[in-house]
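Features as listed in Swiss-Prot:
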DOMAIN    301-506  domain 'MCM'
BINDING   G353, D354, P355, G356, T357, G358, K359, S360  ATP binding site
REGION    686-756  region 'Disordered'
COMPBIAS  691-702  compositional bias 'Polar residues'
COMPBIAS  703-721  compositional bias 'Basic and acidic residues'
COMPBIAS  722-750  compositional bias 'Polar residues'
COMPBIAS  868-886  compositional bias 'Polar residues'
REGION    868-893  region 'Disordered'
Amino acid sequence: MYLSPEQVALVGQVFESFVLEHHQKEIAQILTEKYEDAHYSLVVNAMTLFEANMEIGEYFNAFPNEVLPIFDNALRRAAMSFLQSCSEKQTLVMKQNFHARITGLPVCPELTREHIPRTRDVGHFLSVTGTVIRTSLVKVLEYEQDFMCNKCKHVVTVKADFEQYYTFKPPITCSNEEGCNSSKFTCLSDSSTPASCRDYQEIKIQEQVQRLSVGSIPRSMIVVLEDDLVDSCKSGDDVTVYGVVMQRWKPLYIDTRCDLEIVLKANYIAVNNEQPCGVVINEEVRKEYEGFWEKYRNSPLEGRNEILASLCPQVFGMFVVKLAVAMVLAGGVQRIDSAGTRVRGESHLLLVGDPGTGKSQFLKYAVKITPRSVLTAGIGSTSAGLTVTAVKDSGEWNLEAGALVLADGGLCCIDEFNSIKEHDRTSIHEAMEQQTISVAKAGLVCKLNTRTTILAATNPKGQYDPEESISVNVALASPLLSRFDLVLVLLDTKNEDWDRIISSFILESKGCPRKSDKLWSMEKMKTYFCLIKNLQPKMSQDANVILVRYYQLQRQSSCRNAARTTIRLLESLIRLAEAHARLMYRDVVTTEDAITVVSIMESSMQGGALLGGVNALHTSFPENPREQYRMQCELLLERLGLQKLLDKELQRLDRQQNEDSLESDHGESASNISCNLVGHKVHSDSAMEETCSTNETFSSPDATRKTIPDILDMTKSDDTISKGTITPAEQNRAIRTQSKSSSKHNTQSLAGGHLSENHLTRCSDKSLGWFDSLQSVQMSPISKLGEGCTAEKLQPAVLPVLAEGSCHPDKEVVDLVGNKSEVLQKSGSSPVGTERHLSNRIVTEHVSKKWQNLNKNSLCGKTGSNMTSLQSENSGSHTVCSSGPLHSTPGAPWKRKKIIAQVEKETKAELLDPDTQARLVQLARFSFKQHSKLVHLPGGKTDIASIAQNHEDQPDQKLTPSDRLNKLDRILNNVDKASNSVKGLKQQDTLAQENPPKQTVLAQQSNSISNAATACVHEKKLNEGSDSRKVSSSTLAKLARFSFSPPPENKALEASKETLISSRAAAPSSKRKCFQLEPSSDKTTMSSKFLFSTDLDDDELDVDWEVEIKRNKRTAT
């Protein structure tokens, strides 16, 4: 079916009037061009045309091949009418080759396709989106030929048949009106004019991979370009082709199958590289991002971290990796030096890590948010697949683009990078540095652009060895590694906290996934990274000084990599600094950008001259970015020797912090006023002081320390603790979230069992935000003290105060289960406000009952006086400055006075007990010697001297040195009085030592027992003796078996022993590493195998002591 002449006239008239009304300026511009024979296009929007006349739309969709020539003729007539109506005819020249290019089809499945058309689409005008994978050479196409009749000399014009590959079919008979029926013609192609020829090119487009369904292989099809559409695109471009789907076949032969293929004859082609698909950047979008950075004007690092948290949110933590990926995606500024050489602005990143560390997740996310990107794996990539391939098609060689060429101007992600073969891997050296690929294949010599960012991931070769170089671990050559700006190592080392947090994060996201309001969507991230690509930041003088000094330090480092510490390192630093400035939405590279880049480079395997390599896997988001940056400034600038820049930067940080605090105070006051207007009750200043506390410590010496209202002075906090406002789980969670540095988000902490509103919200949330400060500050939570803790248990647990400089944030601070605990903080006087509360700075240590029983008298005697003196001294103090850890232990209540008096009575009665005196005598027989081979027992300091030392170290007891000596003399007098009651026991010991049984002699010959073993046995004897006054025969026999044959008694030796005991009792500050029972001889023998024999059993030691005495007497006689 064809259009009738009336329909053809209607279509021509309507289109001519439409063009004169809507595209008059474009026609005037075309007429001003100089070349008359060139081809000119006029782009017409189909939606606007169809709205003007729907009948034309129906004709166009039904007969596109017939309507398009009508549009061209109507456009030529419109240009002629415009030229005639124009007053300035001198500057306008009429053109013969006008083409109407239709674009902007309605978005519907009938007209818009993302997949390759099929047979049913033949003859329809469609728009197809794809990627150009191959372009052929531009050819000259003869589309018309003239044939002359040999009889009547009539000339017949024949057009080439598109469906038969533009072949010409000569006329069968002469079409002369005079009635010549000749069938013989002569071709006049030799005398054909250039007007009968046109440019011709074929390209191949492929379906976009991201638009395919699961398991689909991308298909491709040929697109025919003519006239001015030739060379409008290149390999790797994302294009949208508007054209007519047609079919063509080669000439038919007998007994051969027809080779039919579907092609797209293009009417218009739009390249989508300049405007990324799905991204719209307008003034409204710019204002949205400018408002975001205005919100974080005083704390821009927090705004940056919010963007980083939205980058690959399915991966927990990994702060350094996310920052590096974001900087690589932002990219640097490309520039041309004075010699005309182009210096690349794109950065390259290599992720080296164990399997399962999330490398591929970052690659997949980066491909999604980058408009022009290619994702490939090294295991199936060759040199031709990565660069360019020469393909022979239709008798000629063509170049087909590889992954790097397809990613020109975008991102190329290569997974399993070390799986690429060695000779294929060297082919990308030029693509990474010069960003071009030189090709000389099959007679084709050309150079293609590869201005792409390479993000690669690889596994180490075997197990990663930190002692070896990165080149040995990943089996990559140094020239290739030096082209990567950053090489981050992700080692999956043993870390229980990290494993627990990761498992909780994965299970939480699988069970009940929820989206956070702060996280940016993928479309917003995609738009932001497209927007910041337009920024051109300039280097500042301070940033130049820092980067140059760091480069010089890397060059001077003794362990430097000669292949890396070249001028490429300095260029990498500049590119990354510009990328961070883009990420921060700035036009100038500041000191903040330079410091961040140096810290990231130190975490990379390409750096390490200042701090050494860092495992980038176990890095979490900082709780306070400003304080972390302050620490980085102090650490890096001091080592770089830039003190002036350090002072300048610290002043800027203090100024930002002051402005931030002023704004927060203003906001809080405004909220308080609004609460008053509504009718809420506002607490008085005293109530606020009693219920809120600020417990912050800054890491830098220049930071301001804030005072802390002590909990003991808060009388109203008793009710909140007793009512159980906060559960122990919430309190432990709150303690765990506190970090060393302060910020506006955590300025209010625990106070009398209360948390601030913001802090309590974060703690009560089931998310894993409290783990963010795990890497920077590791603290063990302190268990809450029970209310039943008495004063006797709390009083001796006050530990010695260490110096302020001994506090280290990266070590475990407090351990309350069985080990000695030390509070690494410098505290002033510990104020005591009430009788029922202890300071939250006291950490208790659980000791044995024997130690408590021995000290009840001294402790209970001083409790009342000490409490009274402390109350009178510190009743007016309310604040304490602390530089230690930010966690605190809840106070425990005191026992009432009646209970204390009862304990004093029981203690006095127990001291008068002869059994207690006997134990004191046994305790006095201990002697202490240092020995390097003995193991330090954790229960040390159980002698009288250590007890006196503990009493002196307690800050709450106000004892003078004379009082301590008098107390020790009273204890020794009790020992002398009770010595008569154990005189018989000593005689038995001496008798057993002089006459050892046969089994003892055998034990001495086979394996000698150490003094430490004897000490442990004697201590066990003391513990058993606390239940009864008599010593069992089995225990005495056991002691006899482990004794040694004594030499003759020496009185001078006994005198020296007594002198040693008295001197050590008078000097409580002496330090002992181990202790043992006093041997009966001067010579001691150490065991060579075991401290304790494993062959002896308790049944063998169970011997009747009286029978042994009689047996020894018989042998002696």
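Any Cβ shown, glycine's included, is placed from N, Cα and C.
Positions of Swiss-Prot features highlighted on the structure.
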| residue | record | Cβ neighbours (10 Å) |
| --- | --- | --- |
| G353 | ATP binding site | 22 |
| D354 | ATP binding site | 16 |
| P355 | ATP binding site | 9 |
| G356 | ATP binding site | 9 |
| T357 | ATP binding site | 22 |
| G358 | ATP binding site | 20 |
| K359 | ATP binding site | 25 |
| S360 | ATP binding site | 17 |
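The secondary structure of G353 (ATP binding site), as reduced to three states from DSSP, is extended strand. S360 (ATP binding site) carries a helical DSSP state (H, G or I). Apart from G353, D354, P355, G356, T357, G358, K359, S360, the ATP site neighbourhood in this chain, defined by C-beta within 8 angstroms of the site C-beta centre, holds L351, A457, N459, L490, D492.
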